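First up is the structure itself, then whatever we jot down about it.
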Amino acid sequence: MDSKISNNDIQPVAVLGAGSFGTAVANLLAVNSPVYLYARNPEVVEKMKSSREHNGVRLHERITPTNDLQMVVEHCTTLFPVVPSSGFRDLIHKIAPMLHPYHVLIHGTKGLDVQLESDVPFEEQKVTKKQVKTMSEVIRDETVVVRVGALAGPNLATELAQGYPAATVVASPFNEVIQEGIRLLKNDKFQVYGNRDIIGIELCGVLKNIIAIASGGIAGMGMGENSRGLLISRGMMEMMHIGKFFGAEPEAFMGLAGIGDMVTTCYSTYSRNFTVGNRLAKGETLQDILNDMEEVAEGVNTIKIIKKLTESAGLRAPITENLYRVLFENQPVNEAIDTLMKYPFNIDVSMPDRISEAT
Amino acid sequence: MPVESDNYFMQSDESIRQERYKPIIPAPRKWPVVQLSKNSKQFIEEVIDDTFDRIKEVKSTREELIEELETTLYREKLRVKRNPWKVDPPDDAEFWAGLRSELASITGNPDDPAIDDKLDELLKTIISRYANEILSKFKPSSYRFARSFVKTGFTRLLNATHVKGWSALWSKKYTLNDQLHIVGETEHIRTLAQKGTIVLLPTHFSNLDSILIGWVIHSLGLPPFIYGAGLNLFNIGIIAYFMNSLGAYKVDRRKKNLIYIETLKTYSNVALQKGVHSLFFPGGTRARSGHIEKKLKRGLLGSVIDAQRINYEKFPEENRKIFVVPVTINYHFTLEAPALINDHLKMMGQERFYMENDEYATSYKILKFLVKFFTKGSSISVSIGKGMDVLGNYVDDDGHSYDKNGQRIYTREYFMHDKKIERDDQRDAEYTKILSEKVVKEFHKINRVFSSHLVAFTAFKILQKKHPKLDLYNLLRLPDEDQVILYEEFKEEFNFYLDHLKELNKKGEVGFASHMNQDVDKVIKHGVDNVGMYHAKRPLIFTKSGDITSENLNTLFYYHNRMMGYGLEDLK
């Protein structure tokens, strides 16, 4: 195959998906191990090979771009799928026949998978918890792999590429997977924390995108920091309540992947989700914004799913509901903010009841 | 390819009971359980050594070990004093007092260079005591006797009640198999038993289950299984005899200390490694609420995972596989239902300390119970699920595992890290959770809907809907006159749930007893007539006008609970 990898004693690892975050993860991993970076498009692979860079980011010398899934899955026991949630199930389904129970999959996708009923228009769909899956659940669903993990935390690809100090959370019910994540990812400038509550950590990454869109909206309206502080704290409560519905512990939201990632995303103009909200507030339409974004803003899809889900479960999620109206029902941003300000919140903090530990 | 047995749910009771199974291993001396008891000395040594290593691993420092020993000895002192049983060895008090003073003298002399050896020795003495207490005393001769006793005894009782006249006692018209319908993957299990080690995991509703399942194992032609039976059952002379002869080992629920629990787990673990087929009631005790078990005890289930990993580790060249087989047992009538549900309600209602009362604590009572059951009992259905590996993947007749897409899985690979088998207790604990979830799911799938359970469910739901403001406890105290349900209303609701179950049945998510395949009025009548039929106060009866009412809402609630977990409870 490739001399750089086959001559090395260290086990290679693979990143599946060469988006900006996938490339960033591959560069992080390359500090410690040889890395295969899989991209679906052969032209992209060829370009990466010849230019040794991708979307303006230099590829670490230990990265081997490839288009050969079969080879990658055979050579690596630890794989990092990092593709948009809309293509996640397809990718996993594709590699399922090649996977073995000894494989470890640690994904970095911050979206949800939803299986809708065919031939029912989205507006009329009734979405239940059974139809909505986190990415780790998709992996468990589609493959024989049980040792599954998730990456989450304030990891803006642009900043990672610049080599600024940062940290991430590897979540998995398996200690073994957490240790593997730490071994592979940790370096002088990158700290790695472990967490056993994989659903909680995944939801942190998923749900914070909703709040990031709202934060972009507030910034776009030029409303200042008081209102952003208000949004972040109310958003946190909303995330925890939705999280509880999925069986996540509230603690997950307090950590790096929760409050850490949320603050980062809500302040960063690099964030795609933030950008969506920001440009909406300035009067652009959702379609126009999405049309000229190179990569997916997961928050848009997440809002759709969570709105449907909370509706059918009888949960209240005021921020999500209002964003849904802004995004899909042409409600002006300021009206949504008015509604939220009139919403009868009066308790500052009410922790969702602890989900009693299963014994 | 894994075989999806479509016709499995359709099997009629009649076609099943005609079948007779030849023993798969005719010579008792070749039964794994016989091998085990022949070499019991060596077996016990292995259990003691393994347990010792495990405890030393968890309690690795001297201080930790001393603390563990002190706790254990203190608890044993309390047990001997406060809760002695007839079955306890006569030297119990003396033995534990002796160890206490020994420990005191060891710890009183911390400068003794041999202190660690002495502590280890003490630990071994305790483990050895426990291991020998747990040990099953299987004898093929008494197994044969017990088996034929069960068979002829019950056959006679059955005939005495069903066939008129004196000669009935010797009639062969009814056999145990008429009352007992074994359905499901029977041939599959017989095949698997020759390819690996079987772990049967039945649901547990009644004290009768242990004997019943023993009979099922025998009539499937399988060699005897060992199983853990509550030590309290050994207090009862007649049961103790059967238990001993059927390969039961003793589980003492009074002893909750680490050393005992580790010994028990290791016992089961080592037996599995030796290829001895085993039986656990994975729910622990009888399901007091009447629910199909939702949570399984992780301890014994964990030992299955552990044993499988050790097999792969110790015998890399062989494929010594363990197969997990869920089994559900269904009755129209659980004799203990009133006591069980009252316990359950008490436990739910108040979080106060609760003492297990043994309602069948004497030979006389247990005999009366059995007589009542077999003379009055209506049909019982035992449903055998498909074999699974220890991660809950289905296996085929060759014992190979497959995923849901029909792709072969090598179970060994679940225990591999960096291309070799590696022990990781935390991983095993997660695997135990996965297995537990799969078994629970399988219970629901292979469970067969009985008319009696569905009528109870329907009636209770109707009452609940009529009184949405009442909580469970107030609902159970509903005045008699509010309990009457008009027949037409009942039937409509019953049909609603039945349709939903039929949908689930099509997807293979639940089975139906054959008596469900008749017209709805008949099914309802069958259900009302059979549900808890021999309780003094019936869960459901017809009123004179043909409507439906209850004489005892607690037991109605109990039988209703059997249909929980299918999503019926969430239907609007």
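From the backbone N, Cα and C atoms, a Cβ is placed for every residue, glycine too.
Residues or ranges marked as active site, proton acceptor by TrEMBL: A:Lys208. Of all Cβ atoms in the shown protein chains, 32 besides its own fall within 10 Å of the Cβ of A:Lys208 (active site, proton acceptor).
According to TrEMBL, the feature NADPH binding site maps to A:Ser20, A:Phe21, A:Arg40, A:Lys110, A:Ala157, A:Arg272, A:Val296, A:Glu298. When Cβ atoms from all protein chains are considered, those within 10 Å of A:Ser20 (NADPH binding site) total 21, not counting its own.
As annotated by TrEMBL, sn-glycerol 3-phosphate binding site applies to A:Lys110, A:Gly153, A:Lys208, A:Asp261, A:Ser271, A:Arg272, A:Asn273. Around A:Ser271 (sn-glycerol 3-phosphate binding site), the same-chain residues at least 6 positions away in sequence with a Cβ under 8 Å from its Cβ are A:Leu156, A:Ala212, A:Gly216, A:Thr264, A:Thr265.
The domain 'Glycerol-3-phosphate dehydrogenase NAD-dependent N-terminal' feature in TrEMBL is assigned to A:13-173.
Taken from TrEMBL, the feature domain 'Glycerol-3-phosphate dehydrogenase NAD-dependent C-terminal' covers A:197-337. Here the domain 'Glycerol-3-phosphate dehydrogenase NAD-dependent C-terminal' (A:197-337) has a mean pLDDT of 92 out of 100.
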Problem - For the domain 'Glycerol-3-phosphate dehydrogenase NAD-dependent C-terminal' (A:197-337), residues assigned helix / strand / coil by DSSP - result: 110 helix, 0 strand, 31 coil
Practice task
May I ask for the distance between A:Arg40 (NADPH binding site) and A:Asn273 (sn-glycerol 3-phosphate binding site), taken between their Cα atoms and rounded to an integer number of Å?
Solution key: 24
Problem - A:Asp261 (sn-glycerol 3-phosphate binding site) versus A:Lys110 (NADPH binding site) - Cα distance in angstrom - result: 12
Fill in the blank from the handout: If we take the Cα of A:Val296 (NADPH binding site) and draw a 10 Å sphere, the recorded positions of A:Gly153, A:Lys208, A:Asp261 inside it are none
Handout entry: Packing count at A:Ala157 (NADPH binding site) (other Cβ atoms within 10 Å of its Cβ)
Key = 20
Problem - Extent of the sn-glycerol 3-phosphate binding site in Å [max Cα distance among A:Lys110, A:Gly153, A:Lys208, A:Asp261, A:Ser271, A:Arg272, A:Asn273] - result: 16
Exercise for the section: Identify, in sequence order, the residues in the chain of A:Arg272 (NADPH binding site) that are 6 or more apart from it along the sequence and have a CB within less than 8 Å of its CB; answer 'none' if there are none. Expected result: A:Met293, A:Glu295, A:Val296, A:Ala297, A:Gly299
Practice task
Give me the non-local Cβ neighbours of A:Asn273 (sn-glycerol 3-phosphate binding site): same chain, 6+ apart in sequence, Cβ-Cβ under 8 Å, ordered along the sequence.
Solution key: A:Asn209, A:Ala212, A:Ile213, A:Gly216, A:Thr265, A:Ala297, A:Glu298, A:Gly299, A:Val300
Fill in the blank from the handout: Comparing local Cβ density (other Cβ atoms within 10 Å) for the binding-site residues A:Arg40, A:Lys110 points to A:Lys110
